[in-house]
Every structure is written in C-alpha cells, then in structure tokens.
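Pulled from Swiss-Prot:
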type	residues	note
MOD_RES	Lys5	N6,N6,N6-trimethyllysine
BINDING	Asn114, Thr164, Lys168, Arg286, His318, Ser370	substrate binding site
ACT_SITE	Lys166	active site, proton acceptor
BINDING	Lys192, Asp194, Glu195	Mg(2+) binding site
MOD_RES	Lys192	N6-carboxylysine
ACT_SITE	His285	active site, proton acceptor
SITE	Lys325	site 'Transition state stabilizer'
Amino acid sequence: SVGFKAGVKEYKLTYYTPEYQTKDTDILAAFRVTPQPGVPPEEAGAAVAAESSTGTWTTVWTDGLTSLDRYKGRCYRIERVVGEKDQYIAYVAYPLDLFEEGSVTNMFTSIVGNVFGFKALRALRLEDLRIPPAYIKTFQGPPHGIQVERDKLNKYGRPLLGCTIKPKLGLSAKNYGRAVYECLRGGLDFTKDDENVNSQPFMRWRDRFLFCAEALYKAQAETGEIKGHYLNATAGTCEEMIKRAVFARELGVPIVMHDYLTGGFTANTSLAHYCRDNGLLLHIHRAMHAVIDRQKNHGMHFRVLAKALRMSGGDHIHAGTVVGKLEGERDITLGFVDLLRDDFVEQDRSRGIYFTQDWVSLPGVLPVASGGIHVWHMPALTEIFGDDSVLQFGGGTLGHPWGNAPGAVANRVALEACVKARNEGRDLAQEGNEIIREACKWSPELAAACEVWKEIVFNFAAVDVLDK
C-alpha cells in the first residue's frame, strides 16, 4: 500500500481540531457560518478552513508530497450565534506560511476566495481577522499617519473639516475649482473629489488638477492656513493612476485620493508606496463597501476592510457617521474607528471586536465622517469621533442659502464652538444644541445654516447590529 485512498471524506476529520492551541504567528479569522440544512456546524466550519487553505473536495495523490499539518487551516472553535437558530461563529487559524509577505491581495484571495460560493453553506460572512505582528511587519501601511499629517498641516487639537464638491458630476474644471476655492477660503481644511470623479468628457483629470491647485494656493494665501483638495488619482490602469499622482506631486499639492475597493488592493498599495516616497498624503474612499459588508449573514464586515486598508496604506478612510444618512451603529463604528487609529486594541465583543489586535506601531488612519451631516450634527460628531478625525460636509456646506463660502464659515464656527465648549468641560451630548444656538448669536452664517437644516433627520434602523 502507498498510503493513498481515493474518495471523498468529511472535512471535519482533517480540518476540525478543537484541541488546537493557536500560535502568535497564526492569522485568526472569525466567520459567521450559516450551514445548509442537514450540515453539522463542525463540518461547515471545517469546510471553511479547508476550502480557504489547503483542501479540495476529494483526496488527491499530491497531498502526500507536502505536510498538511504544517499548512492547513484549522477550525478550532465553534459557537452558536445568540438569537439565531442556524448561525454559528467558526474560528479558523491559518499558518503564516500560506500568505505572501506584504500582499493584502494574496491574503484575501485565500481567506475570502472561492469558499464564499461553497454549496454546503447557505451564507458566510467574515466578521474579523487577527493579523499577527509578524505579518504586519511585512507591510508599509499608511504613507504617513495621523501625527505626521498634523505636522504637515500644522493643525492640532480639533477634528479636520472637509467638503465633497457637488454636483458630483457635470461641472467644468474651472467652475469646480471655483467651488473648491470658496469652501477653502471660508474655513475648511480640505475639499474633495467625489469618488466617481476620475477623468470624464465634461472634466478631464489634468484640467481639474490645475484649477484645484490654483484654488487651494489662492485660499492658502488669503487665510494663512495650509489647505488641501483630495485629487482623485483613481484610473483604469495602475500606470495611469501613478501618472496622475506624479502630476499632483509636481503641482505641489499635499494630498491625493484613491477608491481602494474599486481600484483594488494591488493598485492601492502601489499608490501608498508612491505617496510615502514623495510626501503626499493619501485619502481613501470606500466606494463599493456596502456591496460587501451590508448584509449581516454574508460577505465581509467593514472592520476587516478597515484593517486591510491600514495594511495596504491610506491616511484617511470613510468610516460612516453614526448620525447621518449612511449605515453605521455607534458601538460597531467606534470599534473599527479604534482599529484604524490605535496601536493596540483589546478584544471587545460588545463593540464587535473578536480579537485583540496589536499593530506594532503601524501608522494610524484618520476616520472620515461623511454622508448627510450638517451643523446640528457637529456636537455629536465631535463627541463621537474626537480630535483625530475628518468631518466632511458636502451638501451641509454647499447647500447653505448664502453660498459655498458662508457654508464653510458656518461649519468652521460650529466646530470651533464645540471644541471650545468641550475643552471648558461642557457635555456635548447633553448641551450640543444649546452650544450651537449660542454660537449663532455671533455668526449669521451659522444661524442661516441652522434654520435651513433644523428639521432634517435620517431615522432608519441600522441593518448591521450587534448580536444580542
């Protein structure tokens, strides 16, 4: 006998190992598994471990040419999801040798690859990953990080303010640049290309870059503050993307932008490396994330996409608002905001954090709150996100009845009032509206904004909530 027996055997015989002691070098994954009727949870968890590592559907001759014990993924724990009849959390450990160094692309190709189409599973969601320090050290991470960005901008002790230029599509480059200038002159730190502004017939990228650079230099000269506009370098090829980033650097602007999910992790990591080498900050938009992360039983939670972005590289990333028009429960949002900013984050299931994560000094990422927010939200945003964040008001700036610059003034006054009140010991959560009303007395721009948006709310329950 050669020790080979053809045929199909249950995954759990090889890949379900409840006695396994995880190693410090393992990548750990928490999957929400919904097995098909009749499939035991142990078999489903083992199938996930197998199909995302060394396994296939049948025994093969070449298994004997390597050490499966060294390379296989292992399902080492399964727990039932509270309040759900047929959902389980399957914990899987992957040996580090399965993954190419410095490649988010390779990591995801294994862990969230073909296994998500596996017939024995009705649904599968990756809830969290523990990335070991040994693997993190193979990544550059964010081009600069929070402290270096503050030093570059010379801005401390408050959140940064931004605005997405609207309408997002259709403006000529010159009119677009005019809107940028008005917002920056009014007191914002940044303006932003919308995620789908690339290089369309109505506004080619080079023209936009030139007019926006002119706008921010003019605003800098008038205000004495350093200003930025997120020039979207996202393109159809990596080569074109880098060409646009090179032109931005030649113009001397401080920051460029990338749509990291539609652009892809390979392109994003290349751009992050270019940005560090050339002194550019990198703003990241998460367009397409809700396709992946919004359903509670299938896909991938945004906290995983956030960790992947910190590894791939970005200085800012959109992270929901809690109070605006886009999905995001407070505890869950603050959980992944900490994973973006902090160096060490403890396991905390009450905030959706399944594993303790040590980032071993990888630079942090500023979370960007954007989507349906306005001046009345300023106290809540300041209280929820703290100083190390970017608060981005698109319609909440450009929708001001007096124009773009007064809209920017209103936001800056509201922010300064909230920061001052907080520093004096006032409770933003309880006294927020009163603080804004007091500031209105000496800012007619803020008073006008408060009148326009006094009744705007987005009262819809979040889809992705914690298991109770």
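From the backbone N, Cα and C atoms, a Cβ is placed for every residue, glycine too.
Just so it is clear, the model here is predicted, and its values are computed rather than measured.
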Fewest-neighbour residue among binding-site residues, criterion Cβ within 10 Å, set Asn114, Thr164, Ser370: Asn114
Local Cβ density at Lys168 (substrate binding site) - other Cβ atoms counted within 10 Å: 13
Densest Cβ neighbourhood among Lys166, Lys192, Arg286, His318 (recorded positions), 10 Å radius: Lys192
Proximal residue to Arg286 (substrate binding site) among recorded positions Lys166, Lys192, Asp194, Glu195 (C-alpha distance): Glu195
DSSP three-state assignment for Asn114 (substrate binding site): helix
Which listed residue (Asp194, Glu195) has most other Cβ within 10 Å, given these are binding-site residues: Glu195
Pairwise Cα distance for Thr164 (substrate binding site)/Lys192 (Mg(2+) binding site) [Å, integer]: 5
Cβ-centroid neighbours of Mg(2+) site Lys192, Asp194, Glu195, 8 Å, sequence order: Thr164, Ile165, Lys168, Asp193, Asn196, Val197, Tyr230, Asn232, Met257, His285
Rounded inter-Cα distance in Å - Lys166 (active site, proton acceptor), Ser370 (substrate binding site): 13
Same-chain residues at least 6 apart in sequence whose Cβ lies under 8 Å from His285 (active site, proton acceptor): Glu195, Asn232, Met257, His258, Asp259, Tyr260, Ile317, His318
